[in-house]
Amino acid sequence: MDLLNTLVDKGLRRELPTREEALAVLATSDDELLDVVAAAGKVRRQWFGRRVKLNYLVNLKSGLCPEDCSYCSQRLGSKAEILKYTWLKPDDASKAAAAGVAGGAKRVCLVASGRGPTDKDVDRVSETISTIKEQNEGVEVCACLGLLSDGQADRLRAAGADAYNHNLNTSEATYGDICTTHDFSDRVSTVQQAQAAGMSACSGLIAGMGESDADLVDVVFALRELDPDSVPVNFLIPFEGTPLAKEWNLTPQRALRILAMVRFVCPDIEVRLAGGREVHLRSMQPLALHLVNSIFLGDYLTSEGQAGKDDLAMITDAGFEVEGTDTTTLPEHRRPCGDGAEAQAATAEEAEAPAATVPAPSDETRRDLVAVRRRGAGTDLPPNA
Ligand code: SF4
């Protein structure tokens with residue numbers, strides 16, 4: 001298929017596809033799915049080989065958020081029966097982090113619900129970062145605390161945070177549909193503050209919230225422009241008790257096409273398969289390893305993931321290997337994104353893009369696939385790592 005040949009060539013040269021090419025990937029048919037995965041897999045292997053980076057989530061503070069992000073089980077008014085607790089003590093957070101590191105995680109992601117941290121919260125998290133780093137040699141620490149105020153990014157960096165996560169989640173045009181208490185530009189600004197402070201930026205999206213193909217392409221292009229080092233791709237976990245509980249509109253095939261599109265737009269950026277992979281990819285998860293070079297190990301913030309040992313077995317069985325701490329995730333010569341590549345984008349192939357075959361959304365709800373997390377941080381039960 002000309003479209004795929006073009007996208008592979010561009011990916012190997014780290015060139016940005018056109019919006020039309022990205023849209024055409026989302027519009028490929030199920031008959032073409034393995035060709036799409038194979039093409040994006042070539043780009044993945046060029047920049048990341050067969051390595052899979054493992055990341056481990058520690059929810060420092062769970063639930064009771066004053067913001068109203070409609071996808072989130074921790075939002076204001078959420079009826080989801082998740083664990084709710086206030087700040088974990090540094091030693092408890094470090095113990096939780098150690099379980100992930102023992103399971104092979106290279107990065108620990110410290111997350112707290114809320115609009116953003118107070119300065120006292122930043123002190124608290126700084127102490128937690130120091131404790132984790134003292135007790136877990138070589139681990140990367142990413143903080144995810146919401147919108148940052150002046151000076152907070154510098155303080156987190158000084159405390160040893162290697163990275164900061166703040167997702168854009170969806171396109172600027174539809175951001176107001178998923179959240180009214182802050183806007184898209186607030187999120188962009190926080191990612192930029194993290195970058196300015198010298199932290200590695202991690203920023204991604206959530207697919208499956210009822211957005212259009214154009215919205216998905218818009219958010220991925222907006223991310224590419226921000227030039228994060230890592231792009232987590234979440235698939236909506238439709239929690240009962242949240243406004244999006246009925247949004248079951250992803251198929252495994254659609255999820256794979258979305259991951260392939262993200263890989264083509266971000267060829268040499270860490271693409272991380274995040275929340276919802278078990279729920280929406282189901283038995284097709286191993287195919288996604290041909291597209292992403294990073295996943296979360298074990299459980300998510302408020303929901304259960306596949307058992308950590310099953311994640312490790314899946315990686316080995318699919319012919320991939322867990323990335324060690326002695327390896328740098330990103331390719332040596334990764335250059336700033338968007339550097340003139342659009343000007344070189346081909347146009348001839350656009351006309352030859354396959355006819356759109358938009359898969360029928362599944363309106364079947366699979367509540368059995370969503371399980372609230374009851375283990376690990378904030379509980380007396382051992383974590384899943
Ligand atoms: S700010 Fe974060 S924790 Fe709060 S509702 Fe939004 S996503 Fe959830």
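Placement of Cβ uses the backbone N, Cα and C atoms for every residue, glycine included.
Positions annotated as domain 'Radical SAM core' by TrEMBL: 47-277.
In the three-state DSSP reading, CYS72 ([4Fe-4S] cluster binding site) counts as coil. Residues annotated as [4Fe-4S] cluster binding site in TrEMBL: CYS65, CYS69, CYS72.
Positions annotated as [2Fe-2S] cluster binding site by TrEMBL: CYS109, CYS142, CYS202, ARG272. All protein chains included, CYS109 ([2Fe-2S] cluster binding site) registers 26 other Cβ atoms within 10 Å of its own Cβ. In the three-state DSSP reading, CYS109 ([2Fe-2S] cluster binding site) counts as strand.
The feature region 'Disordered' is assigned by TrEMBL to 323-385.
For 341-361, the entry in TrEMBL reads compositional bias 'Low complexity'.
Take the CB of ARG272 ([2Fe-2S] cluster binding site) and look out to 10 A: across all protein chains shown you find 24 other CB atoms.
Around CYS142 ([2Fe-2S] cluster binding site), a 10 Å sphere centred on its CB holds 23 further CB atoms from the protein chains shown.
In this structure, the C-alpha atom of ARG272 ([2Fe-2S] cluster binding site) lies 19 angstrom from that of CYS72 ([4Fe-4S] cluster binding site). Straight-line distance linking the Cα atoms of CYS72 ([4Fe-4S] cluster binding site) and CYS202 ([2Fe-2S] cluster binding site), rounded to a whole number, equals 19 Å. The binding-site residues considered are CYS65, CYS72, CYS202; of these, CYS65 has the fewest other C-beta atoms within 10 angstroms of its C-beta. Around the Cβ of CYS69 ([4Fe-4S] cluster binding site), a 10 Å sphere holds 21 further Cβ atoms from the protein chains shown.
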